[in-house]
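Asks: Here it is, the structure, as structure tokens.
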Amino acid sequence: MTIAVCSGSFDPITWGHYDVVKRAHELFDEVIVVVAGNAAKNAVFSVAERVSLVRAVVADLPGVTVDVTDGLIAQYCVDRGARVLVRGVRSGADVDQELAMSGMNRAISGVDTVFLPARPEHAHVASSLVKDVARHGGDVSTFVPPAVAVALRERFSPTE
């Protein structure tokens, strides 16, 4: 049985993230979506909120679970018996960055990285851009699942 890990900050999870998880689900026996608890980014959602949103979004995928870690993802993979780390890539810049990380992860843990290229309809979508659009009152419903669109709207709605 091959266990794969899909990791990220998921702040917030987008349709592109979901597509990568779904495709990993089709390739591997078990998929663990790991929310990075110590993301250095300025998170809009807390770790608990991100985990809750990710769980809601992937609920239709049997064999996909959601977890969180504050540590190295390579060590998490070893601890959980995962042999594969799945990463979505949108551009050449993503590939360059992910290749360096995959080499480091392999050296640390022996875990292999599988790259899944973003589908064209998702290649331009980044969580940071989605947050920026939502922050300014824009409609993000084509970029994120419905529960996430609602959460973003609530987070950025003007207070009275």
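Numbering starts at 1 and runs along the chain as it is shown here.
Including glycine, each Cβ sits where the backbone N, Cα and C put it.
Reproduced below are the annotations present in TrEMBL:
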BINDING   SER9, PHE10, HIS17, GLY88, VAL89, ARG90, GLU98, HIS122, ALA123, HIS124, VAL125, ALA126, SER127, SER128  ATP binding site
BINDING   SER9, LYS41, ILE73, ARG87  substrate binding site
DOMAIN    6-131  domain 'Cytidyltransferase-like'
SITE      HIS17  site 'Transition state stabilizer'
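On this model, are these features tucked inside or out on the surface, and what's nearby?
Replies: Secondary structure from DSSP puts ALA123 (ATP binding site) in coil.
The DSSP secondary structure for SER9 (ATP binding site) is coil. Just so you know, the Cβ of SER9 (ATP binding site) picks up 19 other Cβ atoms within 10 Å once every protein chain is counted.
Listed in sequence order, CYS6, GLY8, PHE10, GLY88 are the same-chain residues at least 6 apart in sequence whose CB falls under 8 Å from the CB of HIS17 (ATP binding site).
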Asks: Nearest to ILE73 (substrate binding site) in three-dimensional space, by Cα, is which of the binding-site residues SER9, VAL89, ALA123, VAL125, SER127?
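Replies: Comparing Cα positions, the candidate nearest ILE73 (substrate binding site) turns out to be SER9.
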Asks: Once the DSSP letters are reduced so that anything not helix or strand counts as coil, what is GLU98 (ATP binding site)?
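Replies: Reduced to three states, the DSSP call for GLU98 (ATP binding site) is helix.
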Asks: List every residue in the same chain as VAL125 (ATP binding site), at least 6 positions away in sequence, whose Cβ is under 8 Å from its Cβ.
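Replies: Listed in sequence order, they are THR14, TRP15, GLY16, ARG90, PHE143.
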Asks: Suppose we draw a 10 Å sphere around the Cβ of VAL89 (ATP binding site). How many other Cβ atoms does it contain, all chains included?
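Replies: Result for VAL89 (ATP binding site): 18 neighbouring Cβ atoms inside 10 Å.
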